[in-house]
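Pulled from TrEMBL:
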DOMAIN    29-171  domain 'Lactate/malate dehydrogenase N-terminal'
BINDING   Gly34, Ala35, Ala36, Gly37, Gly38, Ile39, Gly40, Asp60, Asn120, Ile143, Ser144, Asn145, Met255  NAD(+) binding site
BINDING   Arg107, Arg113, Asn145, Arg179  substrate binding site
DOMAIN    173-296  domain 'Lactate/malate dehydrogenase C-terminal'
ACT_SITE  His203  active site, proton acceptor
Amino acid sequence: MRSAVLKSTSELLRRSRRGYSSSATPERKVAILGAAGGIGQPLALLMKINPLVSSLSLFDIAGTPGVAADVSHINSPALVKGFMGDDQLGEALEGSDVVIIPAGVPRKPGMTRDDLFNINAGIVKGLCTAIAKHCPNALVNMISNPVNSTVPIAAEVFKKAGTYDEKKLFGVTTLDVVRAKTFYAGKAGLPVSEVNVPVVGGHAGITILPLFSQATPASNSLSQEDIVALTKRTQDGGTEVVEAKAGKGSATLSMAYAGAVFADACLKGLNGVPDVVECSYVQSTVTELPFFASKLQRGHFNSG
C-alpha cells in the first residue's frame, strides 16, 4: 500500500513538471488565506508538492505556524512560511502571484450557501482589502462560499481600491467540474482520467449547470433520466458530503484538490503555457448576468 501511494505521488509530481525545467520556471509565490482550516491544510499540502510554486505563504487567524512547520518537512522545492493574525497578513501577501482564499465558515447540516453570507462576506472583504494594498496584481482564487456572492464582493472591494482587473479575479467552481467528471465517468463506464465535462452557471444548487451534452468522450449509453440524475447529483454534491459526514464537516478534501487544480492552471497561465482552459465564475458578458461560470480561454490565465 505504501509503495502504491508513493508511486501515485511521484506520478503527480512528474505530470506537473512536464514542459518545465527548473532553470526555466519563474519564481512564483502562492498565498493561502485560511490555511489552517479544513480546506486550507490539504490545499497547502497539494501546493507544496506543485513544482511551479517556489514560495508558499500560509495565513490564518490561528494555528498556522504548526501547519507551516508540518508542510515544510515535505521534500519538495517550495519554501514555506506561516503567518498568524491580522498584523501578519500584509507580510503574508507581499509579492504573491496567486492568492487562494478558502477562509471562512464551512457549511453544516441544514445550512445553505446563503446562510454563510453574513459571516463569510465580512471575512472576504477584510482579506481583499489587504490584497488590494499588498499584492494588487495577484490572481485571486475565491473558494470561500457562497462564491456567487463573495466574488462580487471582492470585485467591489478592488474597485473601491482602484485595483480591480476582471481577468484576475476567479470564483473557483472547479469542484463542480471534478464532480461532474467523476459521476459521468462512473455512470458511463469510462476512464475518469479521460473525461471532460464543462460546468457553467454559478456555484450553488440549481445555478450549477453541468453540460453533459458536451462531455467528452460522448456516451450513447446514458438515458435522459440518467442525465437528469447526474445533473442533480452534481448540484447536490456538497450536501451529499455534509450529510455523509453527519455534521462533522463539509467537502474539504475534494475542494482542496479542486482548488489545487485551478491554482495550477493559473500558474501555468502566468508562465505562458498555451491553451490553458478551466471553468470559473468571473465577470462575464456571456449572459445578462454580471458574473457567470464558463470556460476561460488562455487570455484570462495569461493576463498576469
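Keep in mind that glycine also has a Cβ here, set from the backbone N, Cα and C atoms.
Remember, TrEMBL labels are computer predictions, not curated facts.
What TrEMBL annotates, mapped onto the structure for a quick look.
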residue: Gly34; record: NAD(+) binding site; CB count, 10 Å: 24
residue: Ala36; record: NAD(+) binding site; CB count, 10 Å: 22
residue: Gly38; record: NAD(+) binding site; CB count, 10 Å: 17
residue: Gly40; record: NAD(+) binding site; CB count, 10 Å: 27
residue: Asn120; record: NAD(+) binding site; CB count, 10 Å: 23
residue: Ser144; record: NAD(+) binding site; CB count, 10 Å: 28
residue: Asn145; record: substrate binding site; CB count, 10 Å: 28
residue: Arg179; record: substrate binding site; CB count, 10 Å: 26
residue: His203; record: active site, proton acceptor; CB count, 10 Å: 27
residue: Met255; record: NAD(+) binding site; CB count, 10 Å: 24
Largest separation between Cα atoms (Å) of residues that the record links to NAD(+), namely Gly34, Ala35, Ala36, Gly37, Gly38, Ile39, Gly40, Asp60, Asn120, Ile143, Ser144, Asn145, Met255: 18
Model confidence over the domain 'Lactate/malate dehydrogenase C-terminal' (173-296) (mean pLDDT, whole number): 95
Between Gly34 (NAD(+) binding site) and Asn145 (substrate binding site), the C-alpha gap once rounded to whole angstrom: 13
Spatial neighbour of Gly40 (NAD(+) binding site) that is closest, considering only the recorded positions Asn145, Arg179, His203 and their CA atoms: Asn145
Rounded inter-Cα distance in Å - Ala36 (NAD(+) binding site), Asn145 (substrate binding site): 17
Closest of Gly38, Ser144, Asn145, Arg179, Met255 to the residue listed as 'active site, proton acceptor', Cα positions, binding-site residues only: Asn145
C-alpha spacing of Arg179 (substrate binding site) relative to Met255 (NAD(+) binding site), in angstrom: 10
C-alpha spacing of Arg179 (substrate binding site) relative to Gly38 (NAD(+) binding site), in angstrom: 19
